[in-house]
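Working notes, structure below.
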Amino acid sequence: MSGNPASSSEQNNNSYETKASLRISEKKCSWASYMTNSPTLIVMIGLPARGKTYVSKKLTRYLNWIGVPTKVFNLGVYRRQAVKSYKSYDFFRHDNEEAMKIRKQCALVALKDVKAYLTEESGQIAVFDATNTTRERRDLILNFAEENSFKVFFVESVCDDPDVIAANILEVKVSSPDYPERNRENVMDDFLKRIECYKVTYQPLDPDSHDKDLSFIKVINVGQRFLVNKVQDYIQSKIVYYLMNIHVHPRTIYLCRHGESEFNLLGKIGGDSGLSVRGKQFAQALRKFLEEQEIADLKVWTSQLKRTIQTAESLGVTYEQWKILNEIDAGVCEEMTYAEIQEQYPDEFALRDEEKYLYRYPGGESYQDLVQRLEPVIMELERQGNVLVISHQAVMRCLLAYFLDKGADELPYLRCPLHTIFKLTPVAYGCKVETIKLNVEAVNTHRDKPTNNFPKSQTPVRMRRNSFTPLSSSNTIRRPRNYSVGSRPLQPLSPLRALDTQEGADQPKTQAETSRAAHRLPSPAPPTSPS
């Protein structure tokens with residue numbers, strides 16, 4: 001039989017592009033995003049200077065780190081785009097009708113962007129960062145969510161401690177775009193008057209009557225007390241758990257790797273080797289550094305591997321061993337050099353270079369698995385004061401990615417050299433990083449991200465050993481949502497029905513029909529070796 005070479009080539013290219021698009025979709029939707037069976041809108045509530053933006057940014061950073069696509073929509077940004085110059089607190093008076101119209105219009109524009117993010121951009125959670133202090137505004141948001149079948153979870157920040165409020169104004173609001181080139185006294189005076197404007201119409205959530213059926217958490221006086229009401233699902237329970245662990249007290253987190261090991265010298269990954277001579281020198285230098293810093297109540301954590309324990313032993317302090325701080329499990333590639341892996345497992349070597357974050361070693365872990373494993377460490381770090389974590393390269397990359405808000409593309413390639421300390425100091429909306437080298441030579445274990453200079457059509461198609469089940473379709477928007485028991489959508493599946501109608505469907509497909517249709521899709525090729 002004769003065939004058309006051009007047609008065959010075109011089919012191959014189309015096949016590759018289809019698989020490539022699937023991989024892009026897989027990259028956007030990690031295991032954690034499947035914890036949300038419908039998009040969720042987190043709505044902040046509270047007077048100005050109550051830490052709403054702090055909580056919004058911190059919560060968003062955490063959710064993105066665990067793999068749930070999340071984005072903050074700050075209403076102040078929309079307001080500043082609509083009103084180029086801020087003059088005084090008069091803009092926020094409830095009897096300023098013109099300003100009230102502008103503020104409502106800004107809210108509607110922001111909600112339109114929320115809808116686009118959750119329905120068109122593969123977002124799973126949107127954080128609506130605004131005061132939302134009136135029931136009228138909250139009802140507007142609830143109606144918006146009902147129309148789009150979004151779940152809603154309110155986070156109200158309540159604070160009546162004047163010292164905390166004043167500290168927040170001085171730390172954050174003085175540098176706000178609303179106050180260019182103003183002195184502290186004028187800023188404080190204007191902002192306190194702005195708060196009074198909001199107090200006139202402030203209607204806190206009422207768990208006993210008007211708001212008893214809403215899902216929310218009240219955070220009182222920066223975590224002194226909490227009130228939780230009607231949590232709907234797993235992701236909301238994770239949000240509550242996270243918010244109950246964070247604090248704003250000053251502290252410093254120190255991250256470093258163990259001293260250089262014998263396997264580092266040999267270029268081998270994994271294993272449980274001891275320190276080299278230079279590694280022991282680093283341990284002594286680390287002890288001297290900590291003594292000079294005079295850090296109060298410092299806790300030291302290590303993994304359960306020999307090289308971190310030997311590093312901590314030289315410090316002359318008590319330390320805790322965490323098994324979940326052990327290095328990433330390289331499976332069959334443990335105690336091998338990269339050259340040996342490339343020679344013995346060339347396909348695996350290429351697969352890991354293709355997508356390092358998602359790639360899982362045969363019989364081992366991926367970076368995505370490691371992030372899941374390290375979540376309890378992050379929770380405990382958020383609860384603690386001053387801590388030194390002595391860990392490993394992959395582990396340290398995951399921890400750094402959380403504090404520095406780095407995504408899956410950057411995480412596996414963060415530079416974490418041996419004999420270097422990362423000093424992390426939490427600040428208002430992020431983390432200040434200082435890098436301290438202790439002047440003890442060590443081998444370089446970093447591998448740069450490989451560059452692929454081949455045209456897409458010439459790139460070999462490989463099946464990834466993913467850390468999650470690949471999607472059967474790259475179209476994440478039209479994928480039917482299965483709502484959990486006890487938390488039905490406010491308006492069940494209306495967007496899907498509309499889509500089916502547009503395509504000429506007589507009636508909405510049932511779950512069984514959807515499942516049968518999925519089984520008719522071509523199955524992906526089996527992995528190169530079992531996970």
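Every residue, even glycine, has its Cβ placed from backbone N, Cα and C.
Feature annotation from Swiss-Prot assigns N-acetylserine to Ser2.
The Cβ of Ala394 (ATP binding site) has 24 neighbouring Cβ atoms from other residues within 10 Å, across all protein chains displayed. Residues or ranges marked as ATP binding site by Swiss-Prot: 46-54, 168-173, 349-352, 393-397, Tyr429.
As annotated by Swiss-Prot, active site applies to Asp129 (among others). Following the DSSP three-state reduction, the secondary structure of Asp129 (active site) is strand.
For Cys159 (active site), the same-chain residues that are 6 or more apart in sequence and have a Cβ closer than 8 Å to its Cβ are Gly46, Leu47, Arg50, Gly51, Ile165, Ile220, Asn221, Val222. Here Swiss-Prot flags Cys159 (among others) as active site, drawing on sequence analysis.
The beta-D-fructose 2,6-bisphosphate binding site annotation in Swiss-Prot covers Arg257, Asn264, Gly270, Tyr338, Arg352, Lys356, Tyr367, Gln393, Arg397. Long-range Cβ neighbours of Gly270 (beta-D-fructose 2,6-bisphosphate binding site) (same chain, at least 6 residues apart, Cβ-Cβ under 8 Å): Phe263, Glu327, Ile328, Asp329, Ala330, Cys333, Glu334, Glu335, Met336. In three-state terms derived from DSSP, Gly270 (beta-D-fructose 2,6-bisphosphate binding site) belongs to neither a helical nor a strand segment and is classed as coil.
The site 'Transition state stabilizer' annotation in Swiss-Prot covers Arg257 (among others) and is backed by similarity to another entry. Reduced to three states, the DSSP call for Arg257 (beta-D-fructose 2,6-bisphosphate binding site) is strand. Counting every protein chain shown, the number of other Cβ atoms lying within 10 Å of the Cβ of Arg257 (beta-D-fructose 2,6-bisphosphate binding site) is 29.
The site 'Transition state stabilizer' feature in Swiss-Prot is assigned to Asn264 (among others); the stated evidence is similarity to another entry. Cβ-based neighbour count (10 Å, all protein chains) for Asn264 (site 'Transition state stabilizer') stands at 24.
According to Swiss-Prot, the feature site 'Transition state stabilizer' maps to His392 (among others). Secondary structure at His392 (site 'Transition state stabilizer'), taken from DSSP and collapsed to helix, strand or coil, is coil. For His392 (site 'Transition state stabilizer'), the same-chain residues lying six or more positions away in sequence with a CB closer than 8 A to its CB are Arg257, His258, Ser303, Leu305, Thr308, Leu325, Asn326, Glu327, Ile328.
What Swiss-Prot lists as region 'Disordered' is 446-531.
The compositional bias 'Polar residues' feature in Swiss-Prot is assigned to 451-477.
Per Swiss-Prot, the feature phosphoserine maps to Ser467 (among others); the stated evidence is experimental evidence.
Annotation source Swiss-Prot lists phosphothreonine at Thr469 (among others), citing similarity to another entry.
The annotation phosphothreonine is assigned in Swiss-Prot to Thr476 (among others).
What Swiss-Prot lists as phosphoserine is Ser484 (among others).
Per Swiss-Prot, the feature phosphoserine maps to Ser494 (among others); the stated evidence is similarity to another entry.
With a 10 A radius on its CB, Arg397 (beta-D-fructose 2,6-bisphosphate binding site) counts 23 other CB atoms from all the protein chains. Around Tyr367 (beta-D-fructose 2,6-bisphosphate binding site), taking its Cβ as the centre, 21 other Cβ atoms fall within 10 Å, counting all chains. The recorded positions recorded for this entry are Asn264, Ala350, Tyr367, Arg397, Tyr429, and the Cα of Tyr429 lies nearest to that of Asp129 (active site). Rounded to a whole number, the distance between the Cα atoms of Tyr367 (beta-D-fructose 2,6-bisphosphate binding site) and Ala350 (ATP binding site) is 16 Å. The binding-site residues Tyr54, Tyr429 differ in how many other CB atoms lie within 10 Å of their CB, and the one with the most is Tyr54.
Taking CA atoms as the reference points, Glu171 (ATP binding site) and Asn264 (site 'Transition state stabilizer') are 44 Å apart. When the recorded positions Asn264, Arg352, Tyr367, Arg397 are screened for a C-alpha within 10 angstroms of the C-alpha of Tyr54 (ATP binding site), no residue qualifies.
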